[in-house]
Ligand code: MET
Ligand SMILES: [Zn+2]
């Protein structure tokens, strides 16, 4: 599949455009029956390409400007651990994942971003060459498939992310990097400001966070990253792809440490109005690449696109089926439903969980 000539990621961001990211794949496809929890590897790209393609299409229709390849954890050491895809290789998965992402991206002018994530071999400095070899193997496939840009995402140690970035930049393609860290910093207690500085010095042009904590906590972290870069006199674009779950009670282990992870997170899902608020705060903080990670579904991405429609100048196709701020309810025959066709109703609502015996916060296991 060839790429259609279109404005690249850096051209868009350098011009001050808002870039809407996509949402979470592995968690969503686990729920749909195509990914095994615990392993979280993406062999569904080969086994059920139609399922992966459909999720990409829904994100595109919701307004995503970027299709991230379904290549999470797709390196030899992770797939071996999973042991549930004996005949499928990572190369195969990564090739097919790039093709699927390109096919859907071409349906709507989106860019293809190929991703690598934390490896299973990271220890200390001694693992540098091993980590880099794994990333290089993934990169070779991505280059053959001529993806538009690259991301090193979901790294908990900035040191490992820096190694990945160092390999990815050798391609000459733009490189983004997001860490799955809390406002306190990475696992080794490197603060977000320092993390951002190290990633940019390694060559990343777009830096930020993804996964592990909620939109509020991710905003806090990226703001610290921005301050760190400003203080160091470095320039980079900022990116944010938080969880689509509220977890103010989690520790630096993020949502993985919550007893509800991963099979009972539903009561924590952010709603579309939470996403409006998050999108506006991210934009105001100077972040221009705004998307979501685990828990972020197509309707959340549509909410991002709707909140930022004044800046972007258009609405996504999925908004044909959604009146802004509940206006579609004008057509309801029930007066009490019709009365909810107002921004103030949805903006001020404190949604009930409907679970009278449940606490609003948990005690994390880690
Ligand atoms: C656990 S984070 C997963 C990130 C990846 N981009 C996905 O959505 O599948
Ligand atoms: Zn995630």
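Placed from the backbone N, Cα and C atoms, the Cβ positions cover glycine too.
From a predicted model like this one, the values you see are computed outputs, not experimental measurements.
Look at residue 294 (Zn(2+) binding site): DSSP puts it in coil. Listed in sequence order, the residues of the same chain lying 6 or more apart from residue 294 (Zn(2+) binding site) and placing their CB within less than 8 Å of its CB are 24, 26, 27, 211, 243, 244, 245, 255. As annotated by TrEMBL, Zn(2+) binding site applies to 211, 293, 294.
Residues or ranges marked as domain 'Hcy-binding' by TrEMBL: 7-308.
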Open item on the list: I'd like to know which of these binding-site residues, 211, 293, is least surrounded, judged by other CB atoms within 10 A.
Closed with: 211
Task: Overall pLDDT for the domain 'Hcy-binding' (7-308), taken as the rounded mean - done: 97
Task: Extra residues within 8 Å (Cβ to Cβ centroid of 211, 293, 294), Zn(2+) - done: 24, 27, 154, 180, 210, 212, 241, 242, 243, 244, 292, 295, 296
